[in-house]
Amino acid sequence: MGKRKKNDESSSSSSQKPCVSSSSDDFSVSFVRAEEDDVATTIRDKTASLKSNATHFSAASAAKGGMFDFRCCRSLFSRRRVLHSRTVRVGYGPVGHDANVTFTPNTVCNQKYNIFSFVPIVLFQQFKFFLNLYFLLMACSQFIPAIQIGAPITYWGPLGFVLTITLIREAFDDFVRYLRDRDLNSEKYEKLTRDGTRIEIRSADIEVGDVIIMHKDRRVPADVVLLRTTDKSGACFIRTDQLDGETDWKLRIPVPHTQHLPNEADIMELNCEVYAEKPQKDIHAFVGTLKITDDDNVQDGSLNVENVLWANTVVASGTAVGIVVYTGRETRSVMNTTLPESKVGLLDLEVNNLTKLLFCFVLVLSSVMVAMKGLDNLWYRYLMRFILLFSYIIPISLRVNLDMAKLFYSWQIGRDKHIPETVIRSSTIPEELGRISFLLSDKTGTLTKNEMHFKKIHLGTVAFSSDAFEEVGQHVRSAYAGRLAKHSFSAKLQNAVEAIALCHNVTPIFENGEISYQAASPDEVALVKWTETVGVRLASRDLHAMSLSVQLPNGQTLMKQFQILYVFPFTSETKRMGIIVKDETTDEVTLLMKGADTVMSGMVQYNDWLDEECSNMAREGLRTLVVARKPLSQAELEAFDRAYHAAKMSISDRSQNMANVVNRMLERDLQLLCLTGVEDRLQDQVTTSLELLRNAGIKIWMLTGDKLETAICIAKSSGLFSRSDNIHVFGNVHNRTDAHNELNNLRRKTDVALVMPGSALNVCLQYYEAEVAELVCACTAVVCCRCSPEQKAQIVQLLRKYRAPLRVAAIGDGGNDVSMIQAAHAGIGIDANEGKQASLAADFSITQFSHVCRLLLVHGRFCYKRSCALSQFVMHRGLIISTMQAIFSCVFYFASVSLYQGVLMVAYSTCYTMLPVFSLVVDRDVTATNALTYPELYKELGKGRSLSYKTFCIWVLISLYQGAVIMYGALLVFDADFIHVVSISFSALIVTELIMVAMTVHTWHWAMLLAQALSLGLYMISLILFDQYFDRQFVLSWVFISKTTAITAVSCLPLYIVKALRRKFSPPSYAKVN
């Protein structure tokens, strides 16, 4: 014993070959031999009397780091680009000081790595995680003879397996990106040369200043200023769904000077220079100018976003010719491509915490073993060797198992026929779906269909609903026929209908003999379709003119032509749109405007009915728009034209200057024509879905930008507010005192469904953020109206801050929901007809709201429960073998000798047990039907009982018990040769692990049976082939089988009995419904 304490230790068993380093260190070799001799002489003396304790583990999942490393490498090894404006000349490229500037190439590169950086970056990404770094250090320590434990393959094998899978996955993903990039860079386009001829050019070879030709249904390869189209009117429609997610066609206008040229070759003969601002991210703004010099004549013109085609948009009509102003990384599409922050699931964080506990346990257990052995000058070597021996407590394969499981969950959700076209865009957080406590939902397009139907028009003195629209048509036709006085009621109705038919951005498209309408908003399409039903049809529209087809009482058709002078498009900031038209029959010039009542009420002449009727319509659940007009004299038009042109030519603050001119000169003293009401119908099965989610313990909040009355109406009709709810509407809050009073009023009520305007929310959060979180979260349902996109995200952050660790999900369908979706723990986007922004930004994409029930209650449950079981079994697998190792060391005087050698240790966690444990990802504790029928089952998941410190301790105790039984049992029943201890204990260990998996299964699947059979068969073959580890004659005897069976029965039977009794006398909820 004294000699052994003075020397360093190595690993071996008496009948196993010692793994000694090839180093010539005589001290180390002599120590190993001495240690082996002592172990061999002590085995028979210490087979009956010892007990030991062990531990349990979990591996840390890390989802946040990869993108950071990618950014780091780019920032370290790439030169910072300086963005600046540029002036390009048609046919000559950049001119002036820009002629010497090297602009970014037009190559598309989405690859993370190149051939040299691939291995270093991937390895860096992996070893920055503590778990992988820990195992790397353990593996490297095996090259030090003094602390070597067994064969290096024991430690390098699992680490190499994990790294190989990671490298293969990353290489495959990057190769797919490379192929996609190569296809885009190799696309062919036509370029105009100085002499006007066309040549073919690759997309990657396009440069700033090139004049290129883009045909219909082709991708725009760079940001170009539109010079000419084949459409006679000069209209060019583009699809922007790959840029901003919106599926409606956008109208783009070429430069008038070049559009009027006879053919495209004439463009190259112009002395034309285009100035473009420095590259920026805003896809809705562009500042530029165009200058054409012809002898002594200089023509200047302004350029805005309507004159530009952004890269990655698609030409939807005709052929376009444009000059390239931005390429490559300076294009709007690339500058708006941000790497979203990776989300980390709560389960991953819990597993990470358990991993830290296990690491601490390894240190404590190793320290105890060293202390029990006795401290001397070489204690640190003993400590290192014990840490190496017990390193299996921290299973390196856990992270790989969880990552593979997440990919399987994503595949399974994607092919669920009950929720078709569901897309998983973030495969790292499927378990989050199983623990949602708050669901924040948009209204329009999410709870409602975003299919608008015109329902009501109010003219101040009389209102017409859908059942009286035929009467409206009679009035309008009579007015156009000229039978009534100018100021009669019919004439007023005519003016209102005509204004609705003209004030929009709708374009009729004729395809295959049918007419369809393209517009940015479904509200506008609903209005135009309604005017058609009452006899005023939008016949045609181009950049400069619009025609209406009016049905007269005698059956004839009257065509009215209007010249479009100016269009002021709708934005979410202005909440209105306007148009100035000139009637070509009467030469009357009129400004027509429509918009939200909140902004239009301050622009129209005094009236006593607008606010009241807006509230009435909102209570009916209708979306309202105020329509108004203002006749303009020629002098007023000319004055506006001069001021507006001057604002358009400004380089800085152009948009603001233009808006100021419009507001100052036009948006005053408008004549109120009518108030329109459009209905947005509820999505299919919304009411039953909300009830199902509420029964599942999920609190549902509706966040909308609509009016208070409309929001309340939809909340009631959808079932968000139940009949028993006491609806509390927040009053006007302007200051801290108001907020304090309103919050006190709310505090005194119970079973409250809260309605809070966005303005009140802002004030309350400014002064009483914590109190708002406490009181609002206690409400049964919450509706926030007049909510901006920023406020939606702010509400999500409020819940995340004050209700952690409860999980928050957000669901929406539009661009205004993106910030909310990205801020939530789980973002769900609805793939809407009008746009894909929310769908593309979300973690999960569905096609309708009702699908969220199956996504959460079925797939969310399965993902969470399966990952919990998988994590605990991987930890159990490492704990049980470490328990056996600890007992083995204690029996033999705390020797740091490995119980199992080389291939056995590697195969234990891979070939023999990996498939059965991983097969738990197809287990189901309840059927999908029962999960939806009994939504109350979902409530229990939020408590986190499937993986908690309690369950962790239970599995630790199970591992300690089974490890002790197997190890002590093997020592008790073996006869003479120590190799029999290895055979019996390792066989009992493998069979116990397979039986434990089988005992955990709730619903058997063919993949589980196959995994069990393959693993058991592979191990039985190993018993025959690995004669260096097993005595072939012994393992084929009945003695071996009986001893192994007995030990396995003692380790598993008591646990089975306890489980059976528990299911009989205290069954879990899922067992009751089954």
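Yeah, the Cβs are placed from backbone N, Cα and C, and that goes for glycine too.
Summarising the annotation, Swiss-Prot assigns compositional bias 'Low complexity' to 10-26.
Here Swiss-Prot flags 118-138 (among others) as transmembrane segment, drawing on sequence analysis.
Swiss-Prot lists 143-163 (among others) with the feature transmembrane segment.
Summarising the annotation, Swiss-Prot assigns transmembrane segment to 354-374 (among others).
Cβ atoms under 8 Å from those of the transmembrane segment (378-398) belong to residues 6-9, 11, 54-59, 131-132, 134-135, 138, 141-142, 146-147, 149, 155, 158-159, 161-162, 351, 355, 358-359, 361-363, 365-367, 369-370, 871, 874-875, 877-879, 881-882, 885-886, 889, 896, 898, 905, 909-910, 914 of the same chain, restricted to positions at least 6 beyond its ends. What Swiss-Prot records for 378-398 (among others) is transmembrane segment.
The active site, 4-aspartylphosphate intermediate annotation in Swiss-Prot covers ASP442. Classification of ASP442 (active site, 4-aspartylphosphate intermediate) by DSSP places it in coil, neither helical nor stranded.
Neighbours of LYS594 (ATP binding site), defined as other CB atoms within 10 A of its CB across all chains, total 25. In the three-state DSSP classification, LYS594 (ATP binding site) falls within a strand. The ATP binding site feature in Swiss-Prot is assigned to 442-444, GLU524, PHE570, LYS575, LYS594, 623-624, 704-706, ARG786, LYS792, 816-817; the stated evidence is similarity to another entry.
Positions annotated as Mg(2+) binding site by Swiss-Prot: ASP442, THR444, ASP813, ASP817. Around the Cβ of ASP442 (active site, 4-aspartylphosphate intermediate), a 10 Å sphere holds 26 further Cβ atoms from the protein chains shown.
Feature annotation from Swiss-Prot assigns transmembrane segment to 886-906 (among others); the stated evidence is sequence analysis.
Residues or ranges marked as transmembrane segment in Swiss-Prot (evidence: sequence analysis): 954-974 (among others).
Cβ atoms under 8 Å from those of the transmembrane segment (978-998) belong to residues 13-16, 40, 43, 873, 876-877, 880-881, 884, 899-900, 904, 908, 912-913, 916-917, 919-920, 962, 966-967, 969-971, 1008, 1012, 1015-1016, 1019, 1023, 1029-1031, 1034-1035, 1040, 1043-1044, 1047-1048, 1051-1052, 1055 of the same chain, restricted to positions at least 6 beyond its ends. Among the features that Swiss-Prot reports, transmembrane segment is placed at 978-998 (among others).
Counting same-chain residues at least six beyond the ends of the transmembrane segment (1006-1026), those with a Cβ under 8 angstroms from any Cβ of the stretch are 903-904, 907, 911-916, 918-920, 922-923, 983, 987, 990-991, 994, 997-998, 1032, 1035-1036. Taken from Swiss-Prot, the feature transmembrane segment applies to 1006-1026 (among others), supported by sequence analysis.
For 1038-1058 (among others), the entry in Swiss-Prot reads transmembrane segment, with the evidence type sequence analysis.
When each of the binding-site residues ASP813, ASP817 is scored by how many other Cβ atoms sit within 10 Å of its Cβ, ASP817 comes out lowest. Sequence-distant contacts of the transmembrane segment (1038-1058) (same chain, at least 6 residues past either end, Cβ-Cβ under 8 Å): 958, 961-962, 965-966, 969-970, 973, 980, 983-985, 987-988, 991-992, 995-996, 999. Within 10 Å of the C-beta of GLY705 (ATP binding site) there are 22 other C-beta atoms, taking all protein chains into account. Here the CA atom of ASP813 (Mg(2+) binding site) lies 13 Å from the CA atom of GLY705 (ATP binding site). ASP442 (active site, 4-aspartylphosphate intermediate) and ASP817 (Mg(2+) binding site) have their C-alpha atoms 7 Å apart, to the nearest angstrom.
In the three-state DSSP scheme, THR624 (ATP binding site) is classed as strand. Taken residue by residue with DSSP, PHE570 (ATP binding site) is part of neither helix nor strand, so it is coil. Least packed by the Cβ count within 10 Å, out of the binding-site residues THR444, THR624, ASN816, is ASN816. Cβ neighbours within 10 Å of ARG786 (ATP binding site), excluding its own Cβ and spanning all shown chains: 18. Cβ atoms within 8 Å of the centroid of the Cβ atoms of ASP442, THR444, ASP813, ASP817 (the Mg(2+) site) belong to the same-chain residues SER441, LYS443, GLY445, THR446, ASN450, GLY812, GLY814, ASN816, ILE830, ALA832, ALA838, site residues excluded.
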